[in-house]
Amino acid sequence: MRCPFCGHMESQVKDSRPSEDGAAIRRRRLCPECGGRFTTFERVQLRELTIVKRSGRRSPFDREKLVRSISIATRKRPVDPERVERMVNGIVRQLESQGETELPSSAVGEMVMKALKSLDDVAYVRYASVYRDFRETSDFAKFLGAEGLSDVADDEL
């Protein structure tokens, strides 16, 4: 594997063990060129997934993009990163088990919303505000009212 520090094409595996949730193999590596140490994760990929965007454009499913979007929603919240990782693993498993190679981005978004709702209400609302493209405070009020998360009426904003 290429060293992320110096770009050398080979590295040595110094330690290998399953991750805590058993969904990946964690490997500690050493670059013989620069001495840099880094960690890699190896995961099973059942099939290549393609996400169909709202615009109709297609792009390969990017697990790290999913992790980043959820991490942004949970930032500065009392949510354990391991719970986020388990949640992402569950969403990926659901996507792969659907048997489809092309999935609409809305399916991914709805799965994330459902998972975040059970994880943290604030993270759920943060994610929804981007996913549902809230433009005004009234959009938040309508969403919170529909979800039963608030008694705020539109005229109180």
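Every residue, even glycine, has its Cβ placed from backbone N, Cα and C.
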Quiz item: Under Swiss-Prot, which of the candidate ranges 3-34, 67-98 is annotated zinc finger?
Solution: 3-34
Quiz item: Taking residues 6+ outside the zinc finger (3-34), which of them lie with a CB under 8 Å of any CB in it?
Solution: 40-44, 82, 85-86, 89
Quiz item: By DSSP, what is the split of the zinc finger (3-34) into helix, strand and coil residues?
Solution: 0 helix, 14 strand, 18 coil
Quiz item: How does the model score the domain 'ATP-cone' (49-139) in terms of mean pLDDT?
Solution: 90
Quiz item: How do the residues of the domain 'ATP-cone' (49-139) split into helix, strand and coil according to DSSP?
Solution: 58 helix, 9 strand, 24 coil
